[in-house]
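According to TrEMBL, the feature domain 'NADH:quinone oxidoreductase/Mrp antiporter transmembrane' maps to 23-286. Residues or ranges marked as transmembrane segment in TrEMBL: 60-81, 93-115, 151-170, 177-195, 201-221, 233-253, 273-293. Summarising the annotation, TrEMBL assigns domain 'NADH dehydrogenase subunit 2 C-terminal' to 289-342.
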Amino acid sequence: MNPYILAILLFGLGLGTTITFASSHWLLAWMGLEMNTLAIIPLMAQHHHPRAVEATTKYFLTQAAAAATLLFASVTNAWLMGQWEIQQITHPLPSTMITLALALKIGLAPLHAWLPEVLQGLDLTTGLILSTWQKLAPFALILQLQPSNSTLLIILGLTSTLIGGWGGLNQTQLRKILAYSSIAHLGWMILVLQFSPSITLLTLLTYLIMTFSTFLVFKFNKSTNINTLATSWAKAPGLTTLTPLILLSLGGLPPLTGFMPKWLILQELTKQGLAPTATLAALSALLSLYFYLRLSYAMTLTISPNNLTGSTPWRLPSSQLTYPLATSTAMTICLLPLTPAISALLTS
């Protein structure tokens, strides 16, 4: 892609998200979301592959449906209550419609079906943008909406954690596994949203760091399925040693960074008297942990002299920058000891 066009599209992405962040009016927030969608579509379709075009079409249709529902709900709220302010959504009908529209935008279960299919059709770089940056603007709106729909948010959160775990179990494609991982993580964020928005933001931040490093590892190895991952030790032995730690951090195992948000969320849910919800969420994390362990096993425990299903690739030098990968990997593995300091910041 022409670098000038790429710069304009990335600027459009940034501007759309910034407009949504800065808006207090529903129309302006909707405009920001639409700019975001329209800026990423050429990035998704840039390879002219049938799968990429199909993924782009699916993404456009779901985002357009979500944006139309959002606009309809905000107009309904203006008609019923005479208010266009984002934080003045008091009527239950527009409030529920907006929550569901934003859930469709970010891919929360049961409105998640588009996300694995779309992510599977994209290259890893665009997939990274879709899994991280594109979640920010709708999430900012969900944060401002709470706590209007407590039961709905808990149902969405639990369904997402369970489906995010179940869906990834039988997958061999890494992008689909990452899509289900994204659904499960978003479920955890939504669960605690109404009780502690600060913990939700912390979970979002750790999710962004962990997903960033996972995508960069797969991009460095040029891996898109488990078989190519199993032969990646020949390319970067040092990175192959660290990758299971990144994956287990995504799964939320101590003493890695990914354990911190899960620990704080379970603690908060228990404080709020929602022990059954916390138990179900913790059990659903075991499902996710299984497929992260499966990836770790394929990557590090099937090393020669075992028979491999794929052929060992050439060790060609990678053109990818390693500094972002090194930084995000260190943060993905090592931030758990900062939990007391972060907890103090959250409560102050």
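Each position is counted from 1, following the chain as shown.
Cβ from N, Cα, C; glycine included.
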Between the transmembrane segment (177-195) and the transmembrane segment (93-115), are there three or more CB pairs that fall under 8 A, provided the residues in each pair are separated by 6 or more in sequence?
yes
Between the transmembrane segment (151-170) and the transmembrane segment (273-293), are there three or more CB pairs that fall under 8 A, provided the residues in each pair are separated by 6 or more in sequence?
yes
Which listed stretch (60-81, 151-170, 177-195) has the most C-beta pairs under 8 A with the transmembrane segment (201-221)?
177-195
